[in-house]
Amino acid sequence: MLIQQLGRQDYVSVWQKMQDFTRQRGGAEDDQLWLVEHYPVYTQGQAGKAEHILNTGNIPVIQIDRGGQITYHGLGQAVIYPLLSLKAANIGIRRFVSLVEETTIALLQDYAVAAHARADAPGVYVADGRKIASLGFKVSRGCSYHGIAINVAMDLSPFLGINPCGLSGMKMAQLSEFVPEIDVDSVHKKWAELFSARWR
């Protein structure tokens with residue numbers, strides 16, 4: 001599995017590259033993880049409802065093709081896009097989502113942060129119920145794209161402009177609250193290592 005460090009990128013260009021890559025790719029030999037930070041943007045998934053957009057100010061809202069509702073991306077957030085052949089791995093989407101959540105929980109445990117998944121609302125949550133990681137995927141031709149966003153050290157205030165993932169009143173957390181000297185690159189690297197070991 002090839003790991004690509006993309007640095008800071010605008011959302012739309014990476015989304016278009018994911019779509020192009022998934023259209024043209026082959027089987028497991030083409031599996032990749034893309035690690036990126038995005039400039040501020042709201043993305044509204046296919047199930048997204050306008051009522052969950054409260055006050056987005058000057059930040060753009062983009063309608064996209066992943067599952068789920070609205071979320072926010074900004075600098076200081078570790079975004080990971082697993083571009084994988086689920087078909088070649090003989091794994092269903094539900095097990096794949098669980099694998100992504102389990103990897104993120106293991107990552108947080110490495111930083112001594114207790115976290116859990118919820119059966120009723122995909123993502124990863126810290127002990128007090130706040131959400132620290134959001135996820136959403138699209139599967140095309142048996143291959144996944146889109147991914148997971150882990151709040152590391154960012155301005156969380158734009159989340160107040162939406163009901164994150166369609167959950168009214170959902171409060172957000174970030175890793176820097178628990179680990180002050182944390183950075184996105186470290187989280188990207190550790191997540192990729194943990195996931196690669198699980199995917200083999």
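Backbone N, Cα and C define each Cβ position, glycine as well.
For C165, the entry in Swiss-Prot reads active site, acyl-thioester intermediate, with the evidence type sequence analysis. Secondary structure at C165 (active site, acyl-thioester intermediate), taken from DSSP and collapsed to helix, strand or coil, is helix. Residues near C165 (active site, acyl-thioester intermediate) in space but far in sequence (CB under 8 A, at least 6 apart, same chain), listed by position: G68, Q69, I70, T71, A121, P122, G123, K131, S134.
Taken residue by residue with DSSP, G136 (substrate binding site) is part of a strand. Spatially close to G136 (substrate binding site) yet at least six residues away along the chain are G45, R66, G67, G68, T71, P122, H146, G147, judged by Cβ distances under 8 angstroms. Taken from Swiss-Prot, the feature substrate binding site applies to R66, G67, G68, Q69, I70, T71, Y72, H73, S134, L135, G136, G147, I148, A149.
Residues annotated as domain 'BPL/LPL catalytic' in Swiss-Prot, with sequence analysis given as evidence: 27-200. In the predicted model, the domain 'BPL/LPL catalytic' (27-200) shows an average pLDDT of 93.
Summarising the annotation, Swiss-Prot assigns site 'Lowers pKa of active site Cys' to K131 and lists sequence analysis as the type of evidence.
Non-local neighbourhood of Y72 (substrate binding site): P40, V41, Y42, I59, P158, F159, G161, I162, P164, each in the same chain, at least six residues away, with C-beta under 8 Å from its C-beta.
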